[in-house]
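Below is one structure, written out as structure tokens; comments come after it.
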Amino acid sequence: MNKLFIIKILGILVLIEGVFMLPSAMHSAFINDGALNSFLIALAVVFVVGISAYFLINTKASVTPKDGLAIVTCGWIIVSLLGALPLYLSDSVPTYIDGFFEIVSGFTTTGASVISDISAVPKSVVLWRSTTHWIGGMGILVLTLSLLPKIGVGGFQIFKAESPGPIAGKIDPKMSQTAKRLYSIYIVITLILFVLLMLGGMNAFDSIIHTFGVVGTGGFSSKVESVGYFKGDYIPLVMSAFMMICGTNFTLHYYLYKKKLSLVFKDEELKTFYTIIIFAILIISLNLFLKWLWFTKRSFNKSHISSNIYSFYIRFCKCRL
């Protein structure tokens, strides 16, 4: 295991995290929400650590399976430790451990939160918190793969260690090209959902937050009531559809883009995923329907049949959230 080389790669990860943190700092400066100093301190620490690790170590090596595992494990820990700084320094959380928990939840797209009132948190911090979702959805390590060839390194072992699902093989002979293609698909899906949410009446900030939460599959929201804050059924339906799309392996999205439909339909993970979703929808819908029959006490009243069907349809759609 080449420890110096691993530190160099970790330096790249930290620098990338700093780049992703910049928009939140700029947003804080623009709206003057009081969190700018917190971001400036965090960015200073991030860039000092990243630059020191990357530029002060001059070494090249091939990535072994052990190196890949070490980079993935240490990488997520380090970016989480540094990513928690804006939350803690801005007093968005009472302790640094709480901030660390929040950011780990974001990067791992878990969605658990220790913040009880998100409306009291500076908007720039909310943006950074949700940005970790978007980064974690595809993986900052996958993005790093596109940069490794510039320092003479192949990244398949990192890709293999980072991937959350089974890998049948390389999508592309060059892993850097694989990373670029995967992120291209990821960005396109993100932009489409953002536009659809804007069309549904969300403002730009809420659209970004909920887009990151859906595409990253974590579920962080900018509202205490989450999706329930928004009126109507358009937004829940759009988000539900994209939850199912983004919940699938992005490798399959690439195959779909390349029109390799046979590889998509043969995927056991995809079949199992949608089977579980369909089964869950049927069970929950049946449960809602039985409760509806029980509480209305007029299940066979023809005079209200149209409104009853509409009511059941709305309940059916909402159950997917």
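Even glycines carry a Cβ here, placed using N, Cα and C.
Segment annotation: TrEMBL labels transmembrane segment over residues 234-252 (candidates 6-24, 234-252). The stretch from 38-57, 69-89, 183-205, 273-294 that makes the most Cβ contacts under 8 Å with the transmembrane segment (234-252) is 183-205. Long-range neighbours of the transmembrane segment (183-205) within the same chain, counting only residues 6 or more positions beyond its ends whose Cβ lies under 8 Å from a Cβ of the stretch, are 123, 127, 134, 137-138, 142-143, 146, 211-212, 214-215, 222, 230-232, 234-235, 238-239, 242, 245-246, 250, 253-254, 257.
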